[in-house]
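Pulled from TrEMBL, these are the features on record:
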- 3-91: domain '2Fe-2S ferredoxin-type' (DOMAIN)
- 133-162: domain '4Fe-4S ferredoxin-type' (DOMAIN)
Ligand code: SF4
Ligand code: FES
């Protein structure tokens, strides 16, 4: 199997160039295994991120044959011909397949991504019913892989757009019965939910079924209600 890998070495390449590598076409190899084979036995200078190899850490996202994918969950058997591997689109390339994640982390931090509490804490454990857990659980499954940002045409054109995962993360806390925060100002700003044109590619790309498109559309309704009924409930 041929892997056509995008290379960009600062100080060497003026712009990214493709380099072909031949790898064993093994049934049990993910794209990440093939990249590690290249790094270990063919070309130790190839740079890419990974950690868990099991769809948990979110660090191995790349563009595989034009689509944002977790390379540890995308197998050589999914392809018949040469496979093109590029960095995630929508982010500045630092080297080879490694992109700059700082803008993404900055967007996540804008939504106050923690439980906000006011007043006295409960004296004992803060229990939740299964229904209260279910209300936000889906959004808590995000692994910050950035595939949804890479798939989102709005974010690629406007890096100021808060983006799918950050809005889903805000909803993870908005819908948590323990949270008392209010993220209305940031979510309803120009760079918030109203920037979304509901293309829906974020949800298609998400490997953890978080459904960020649903989170965004749901908060649009909340924001619209809040603008006409300023004292309406924060949660919905
Ligand atoms: S919402 Fe899905 S695609 Fe986006 S960062 Fe989270 S896990 Fe990745
Ligand atoms: S290596 Fe951790 S998600 Fe792929």
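Positions of Cβ are set from backbone N, Cα and C atoms, glycine also.
Model, not experiment: these values are computed from the prediction.
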In DSSP terms, the domain '2Fe-2S ferredoxin-type' (3-91) comprises 15 helix, 25 strand, 49 coil
Across the domain '4Fe-4S ferredoxin-type' (133-162), the model's average pLDDT, rounded to a whole number, is 96
